[in-house]
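K.L.:
Here it is: the structure, laid out below.
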Amino acid sequence: KVFERCELARTLKELGLDGYKGVSLANWLCLTKWESSYNTKATNYNPGSESTDYGIFQINSKFWCNDGKTPNAVDGCHVSCSELMENNIAKAVACAKQIVSEQGITAWVAWKSHCRDHDVSSYVEGCTL
């Protein structure tokens, strides 16, 4: 599923991400825009670590989810990677909460590149929240 911006903003807010660990909803929207273009089915393979990033948050199979094929995987969120690509993003959000709790928002390269030190207010502008 490819979310519309405001639809995703409302969904992330309902699932408790707005202000979670001090990270604003606008920052989560910026992160997901640059990681996956709001697409739950996004995947990207990383040849160096032989791992794959999954779903709207591009959660990595080396550390956080189990795809059954990544060498020396940890499965920190105790979730199958395929579950992170479901239209219902509750499991993906739960894992993102765990990641930000353990590592902070800087765990996401796209956030560091595109959102940190930027005005991210436009990501929630015009959305009825």
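Glycine residues also receive a Cβ, built from the backbone N, Cα and C atoms like all the rest.
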K.L.:
With reference to Swiss-Prot, which of the candidate residues Cys6, Cys30 participates in the disulphide bond with Cys115?
P.N.:
Cys30
K.L.:
Where Swiss-Prot annotates a disulfide for Cys95, which of Cys65, Cys77 is the other cysteine?
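P.N.:
Here Swiss-Prot pairs Cys95 in a disulfide with Cys77.
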K.L.:
Could you tell me which of Cys6, Cys81 is bonded to Cys65 by a disulfide, according to Swiss-Prot?
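P.N.:
Disulfide partner per Swiss-Prot record: Cys81.
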K.L.:
With H, G and I counted as helix, E and B as strand and the rest as coil, say where DSSP puts Asp53 (active site).
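P.N.:
The three-state answer is strand.
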K.L.:
If we check Cα distances from Cys95 (disulfide bond), which of the recorded positions Cys6, Glu35, Cys115 wins as closest?
P.N.:
Glu35
K.L.:
Please report the distance from the Cα of Cys65 (disulfide bond) to the Cα of Cys115 (disulfide bond), rounded to the nearest angstrom.
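P.N.:
With the alpha carbons as reference points, the distance is 25 Å.
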